[in-house]
Structures are given as structure tokens and as C-alpha cells.
Amino acid sequence: MPRHLPGLLLLLWPLLLLPPPPAAPSPMARPGLRRLGTRGPGGSPGRRPAPAAPASVPYSGAGQPGGARGAGVCKSRPLDLVFIIDSSRSVRPLEFTKVKTFVSRIIDTLNIGPADTRVAVVNYASTVKIEFHLQTHSDKQSLKRAVARITPLSTGTMSGLAIQTAMDEAFTVEAGARGPSSDIPKVAIIVTDGRPQDQVNEVAARARASGIELYAVGVDRADMESLKMMASEPLDEHVFYVETYGVIEKLSSRFQETFCALDLCALGTHQCQHVCISDGDGRHHCECSQGYSLNADKKTCSAIDKCALNTHGCEHICVNDRTGSYHCECYEGYTLNEDRKTCSAQDRCALGTHGCQHTCVNDRAGSHHCECYEGYTLNEDKKTCSVLNQCALGSHGCQHICVYDGNASYHCDCDTGYTLNEDKKTCSAVEEARRLISTEDACACEATLAFQDKVNSYLQRLNSK
């Protein structure tokens, strides 16, 4: 240590050797958020909040691991959104940077675009400046760059004048706001850390009456009664308070919940029996699979009886299936064509599936019938045949005698003294025998021998025939 130190330094030197005091807790380490109320998940501007999302779908704010509620689950509703930010002297430069980060974080959670959310910023202190209009920027990056370029103004906190300027100049069709017919909510978020120095009550009431939904965010020394006078009803959903600018960024996740529309189809809580269709803005409707119709409850489905509707196109028979569809069939004796609707007559005789014992005969109607061979008759089953006794039926054609041979056959025979002619049916008398008997003496030996010879000759001729 040098010997020639100034006296004051010698007196202070023991103090310099003491350990440093404990570090003051950072703003982020303090109880960061004390809010009067926040809107629950699923809420949308201008409407009562919807029920909270299922606990199985975790939420994490923008810029934190996890992002939004998951791709395709949470989608911001289109808005005309105007930030009204206090940049009076009480807001230090570092704190004003925190406000701009807060605005950028909210922009990150929104769908920005001409057909989606449009954003404007009104900067105010004792004077009011519109930093950019709703129609100025149409993408997130240009918006965030414009927010980063905003600088504080001066002393004073003219909150009423700022709201009036936003109403007269920012929320106009000329400035990029969409008209009443578009059903796009008009939303203003005012951020302040002080007490308004003008009459804010009446101008805020006029803004709300014109259809602007007002959210009031108070920081540190902000007057709570003034916040309530500015905000829309219900107050527990439109008034926020944080103790320091150091934690205001955390409110961005609260506004994301406020502006978030839950996709129930993606969450699986839609209760549609078949198909859930997302309509956007948190809305959905149910549809049914082909062959089903939506019931009166708009959720469940019933099979359509297309056969009863008579739109099936089946040529013969329509058959309903359990799946709500149908198929075509054909009458007996027909087969279904390749178009699965029309039918063609089936040649069962050719297929060999007719079951006829003797003969199968195709009919024009696509059916068939059985017939029997000659000498047989068709039985009652219309398929088998039984033998006919044509001798008994009298249709044999024999002149003298019909002899039944069995197995549906027969032959003709002649009476004594007659011989069967070549037609196998008629008979002729034996003339020689009749003449011998009538002209010669039957007792003479010569006549008897002659008769025997004639008979033998006749028998030989018969045998030869």
C-alpha cells in the first residue's frame, strides 16, 4: 500500500475492505404480476370468454419454449388493434424499451395481415402522435421494426386526448380500419404509469359506445380508478396491473389467451361422431361419412337408406349395407354385370347347374325348365323323370298285340295265324296254311306230310326274317 495516501482515503479505506452489500433483487425476481383480472383461455374481443382449454393442452407464452398452444390449435381472431402507449417523462428510456418489447410480444402471438389482424400505435405524453396506421404494415417483421423505432415524447399524461385521437384518426376506414359490416372487432390497449391529466372518463365512454373495446394496463404508480374508468366491462377482464415495467412483458401471454380462438377439432373435444370441420375463429361444425346423414343434434350420424331413396340405379334388387352404403343383386337366373348395377340372363343349362335328370331347356326370361326323354314323364319335383308304359296308354300303334318290355320300351306282336309285317306294327294272315286245311283231306298221309313241309318252310322263312 502506498504511504502517501490522502487523509480522506485513509479514513475510508477500512470501509472499502468491507464485503459488498447483498444485491438488490432484480425486477424480474419480485412478485411480478398483481392483476385485477384476466380473460380466460378461449375468449375473444367483444364476446364473453369461452370455457378454458383442457388441462391436457399446456400453454406457454410467446418467446418461451413451447410457443403457442400448438400448431393448428390456437389461432388469433382478426382484429383492428391500436396500442396507446404512455411515453411521458416518468417512463424512463429502459422502461419504454420494455413497453415496446411488450407490444412486439403481443404482435408475435397474432396472425398479421390485411385479412387478419391490423395494428396501429398511438404514442402520447402531453402531445399525441400516431406512429403508424392500421394499413401501414401488413407483416410481423415490418411491424416490429416500426415499433422498435418509436421514441418517447415529453412530459405530461394526456390519456383522454390519446383515446380521442385514436378514435378520430386511428379507427377510421381511411386509416385502414374495417367497416361495421366486416364484423372485425376494434380493440385498444392503453399502457400508462400515471394519472391522466385530462378528463378521461367521458372520452373513454364515447370510445366504448362507438364499439371500441378498451383494455387498460397500469404500471407502478398508475391510478387504479382511472384504469377502471377507461376500460370496458367486465372490468376484471379488461384491467391489468403490474408493479414494474420489468415484468410487463409477461402480460403478453395473457393477451394471447384473450385473443386466442381454440380449434376444438384439433383438441379433440368437438364431440362429432364422424368428422369435425374447423370454420375458423374457434368455430366448427360436424359432418358425416359418405352414406350417413347428420342428425338433429348436429353431432351424431345415421345411415342413409339409399334403397328407399330410389337413387341406387339397381336394375333388379337394391340391398342396404350396415355401413350406410348399398349393393345391387339380380333375380334368380340372372347374373350381375361389371357395372354392378344391371343384370344379364344366366344360361344355367350351359353352366350345368340346372339339376334336370334328362333335358334342360332355357327360357327367354333367363330361367329354365326340365323335360324327359320319350317314354318318360316329369315328376312333381320338375327335375326327375319316370318311365311311361305306352302299351297301357294305347299310343303304341300295334295292330294286334303290344308287349311292354320295361325301361320305357315295347314291341308289337300278331294273333295266331298272322305274321308281323316289316313296319313292325301291322299283321298279315298265313294264306298257305288256310288253303291246305281247306282243300285237302287232312287225314291222308300225303296231305299231312305236305302240311308239315309247308309249316317247316314257313317257320324257316319266319326264322330268316
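A Cβ is built for glycine as well, from the same backbone N, Cα and C atoms used for every other residue.
Features reported for this protein in TrEMBL:
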type     : residues : note
COMPBIAS : 46-62    : compositional bias 'Low complexity'
DOMAIN   : 80-255   : domain 'VWFA'
DOMAIN   : 261-302  : domain 'EGF-like'
DOMAIN   : 303-344  : domain 'EGF-like'
DOMAIN   : 345-386  : domain 'EGF-like'
DOMAIN   : 387-428  : domain 'EGF-like'
REGION   : 26-71    : region 'Disordered'
SIGNAL   : 1-25     : signal peptide
What does DSSP give as the helix, strand and coil breakdown of the domain 'EGF-like' (303-344)?
4 helix, 14 strand, 24 coil
Express the predicted model's confidence over the domain 'EGF-like' (387-428) as a mean pLDDT, rounded to an integer.
83
Take the domain 'EGF-like' (345-386) and find every residue of the same chain, 6 or more past its ends, with a Cβ under 8 Å from one of its Cβ atoms.
331-335, 408-409
Tally of helix, strand and coil residues over the domain 'EGF-like' (345-386) according to DSSP?
4 helix, 14 strand, 24 coil
Residue counts (helix, strand, coil, in that order) that DSSP gives for the domain 'EGF-like' (387-428):
4 helix, 17 strand, 21 coil
